[in-house]
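*Asks:* Copied straight from TrEMBL:
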REGION    26-102  region 'Disordered'
COMPBIAS  28-38  compositional bias 'Basic and acidic residues'
COMPBIAS  39-54  compositional bias 'Acidic residues'
COMPBIAS  55-67  compositional bias 'Polar residues'
COMPBIAS  70-84  compositional bias 'Acidic residues'
DOMAIN    151-268  domain 'PX'
Amino acid sequence: LTPPSAAGLDGMAARILHRLRHALAGEGGREERVHGGSEAEDFPESSELEDDTEGLSTRLSGTLSFTSHEEEEEEEEEEEEDGAGVELGEPPQPTGAAAGAEDGGRCWGWCAGGAGAAPLPGAAAPWGGPSLLTRQLQELWRKSRGSLAPQRLLFEVTSASVVSERSSKYVLYTIYLIRSGRFDKAPAAIARRYSDFEQLNRRLRCRFGCDMAGIAFPRKRLRRNFTAETIAKRSRAFEQFLSHLHSIAEIRRSPEFLEFFFLQDLRAAQRLTCTGMYREALATWANAYRLQDRLGVCGSGRFLLTLAGLAVCHQELDELGEAHSCCEQALQLLEAQGSHPLLGPFLQAHVHLAWKVGKDKRRSEARLQDLREAGPPLQQQPTLKECLIKEPLE
């Protein structure tokens, strides 16, 4: 037998490789080009799709979309209008231009708006099984979920209503504070009018002139202030205004910015508590609590006063377990402080509530004893309720 020539071996190897690719692609798979003798290939070589999740988001410039087939048309319209970029703050959802594999009955894939990016067709991928690209995206999401997606605070105008009073008429905007990547069972909300935003803008420009130079604010109008178009434009402008302010650390931590959100609630809650309307006051204290939590100021004097208001209202409504929990949270915040005007009142309330609900009160009793030895008699200290009434909220 004559041994095969080198050219024959090359041809045999090419045919074997061709058949292997056919087997991987399955029936109906697309033909690949082998030595220029077959149709043009529609997919890149598998070696070009290495498992490189770190560089994947860089290569796929554009918008990553993960939605179901039923949501495909609606999502594509929203992306065209919003021009959204890659967002890792929410879990990926399936989308229309899907890669081949199905996951739990939902088709996963991507659509990219960048140059050179093309959506994968719905047919099975030629390398068989779930799409390698899909697995890369899923792995990228798992890896980036905890490290590459810092939570952001979003401001969303959810409604606007025209309010008519005796001698004035204005639009009241309801704004939700939403943390991206988390579900808030009880959202934090505020209701503000144009003059409130204008006052905030004026105060911040007086103090942070350089930082505020590049921040736009919707101008006043002499007419057509109550048309749907004007209200819609101002709603979007207020969302962008607050988001821009929150992105600047010095402004985000300033009293002017913070008190714009929760000072009105604190005043209203204090007024309701003083008049004995504890159920209404409790809801207002609770919203002020959520606002301060979203804004990251759970340690300030205002927050301690909020906990005092919650504890008093819960106690007056005979919700002793909740009142005890508020006192415990306040005492944890006061742990590192040697003295504070609210420390004695919180300790006394905690001891009383712990005895009522059957909790351990020995630590609070020991701290009370230390206060007794170091300062004036505890009988002269006000209760939490008295502190709420006497505390001026300027």
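From the backbone N, Cα and C atoms, a Cβ is placed for every residue, glycine too.
A TrEMBL annotation is a machine prediction, not a hand-curated record.
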*Asks:* For the domain 'PX' (151-268), report the average pLDDT of the model, please.
*Replies:* 92
*Asks:* Run through the domain 'PX' (151-268) and tell me, per DSSP, how many residues are helix, strand and coil.
*Replies:* 55 helix, 29 strand, 34 coil
